[in-house]
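K.L.:
Here Swiss-Prot flags Gly15, Ser16, Met17, Phe18, Ser19, Gly20, Lys21, Ser22, Asp88, Glu89, Val90, Gln91 as ATP binding site. The annotation active site, proton acceptor is assigned in Swiss-Prot to Glu89. The Zn(2+) binding site annotation in Swiss-Prot covers Cys145, Cys148, Cys183, Cys186.
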Amino acid sequence: MYLINQNGWIEVICGSMFSGKSEELIRRVRRTQFAKQHAIVFKPCIDNRYSEEDVVSHNGLKVKAVPVSASKDIFEHITEEMDVIAIDEVQFFDGDIVEVVQVLANRGYRVIVAGLDQDFRGLPFGQVPQLMAIAEHVTKLQAVCSACGSPASRTQRLIDGEPAAFDDPIILVGASESYEPRCRHCHAVPTNKDK
């Protein structure tokens, strides 16, 4: 996909839920394995939707992953023979993830991260905007709006079938029962007084 060289770099895969971020990360990791490169995949411990030890896409593709509690724990699992470091659900990592990713790329690793670029309110999510700014390559994926069928760049959180309010908690790990992809026009975030 990108010109391969001996220097490290950062790739960010971002977009709304159900846009194929984990699927794309898995595809890139599998391609490196076909090329006889050594890859390791990480995920935050908080992400246990489908598996505690795998990154799993919504369509069922999976790859083995190391769950970590803190960004700097990633260093404990890196060895010299590694070529590619992949990190899924990067928005759930602590603020140190930007430094960790920078250090890994500066050491010569290809670093692939995937995550939500916006929270359910449509605002920048976690450290993803900073990672996008320092990345050599950014891939922004879109889903299909579950309301109208247009390209969807936002994630709609639903609570009992209704849009979540703006001041509801930001982090709530779920799947289709609590989130839907939406386009700009179908995305709704009421304030608590509107509910």
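A Cβ is built for glycine as well, from the same backbone N, Cα and C atoms used for every other residue.
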K.L.:
Ten-angstrom check, please: count other Cβ atoms within 10 Å of the Cβ of Cys145 (Zn(2+) binding site), all chains counted.
P.N.:
22
K.L.:
How many other Cβ atoms are found within 10 Å of the Cβ atom of Cys148 (Zn(2+) binding site), counting all protein chains shown?
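P.N.:
Around the Cβ of Cys148 (Zn(2+) binding site), 11 other Cβ atoms lie within 10 Å.
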K.L.:
Specify the secondary structure state of Cys186 (Zn(2+) binding site) as given by DSSP, simplified to three classes.
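P.N.:
Cys186 (Zn(2+) binding site) sits in coil per DSSP, no helix or strand.
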K.L.:
How big is the gap, in Å, between the Cα of Glu89 (active site, proton acceptor) and that of Cys145 (Zn(2+) binding site), rounded to a whole number?
P.N.:
21
K.L.:
Measuring CB to CB from Met17 (ATP binding site), give everything in the same chain under 8 Å that is also at least six residues away in sequence.
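P.N.:
Long-range Cβ contacts: Leu116, Ala143, Thr155, Tyr179, Glu180, Pro181.
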K.L.:
Using CB atoms and a 10 A radius, I'd like the single residue among the binding-site residues Val90, Cys183, Cys186 with the highest neighbour count.
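P.N.:
The most densely surrounded of these binding-site residues is Val90.
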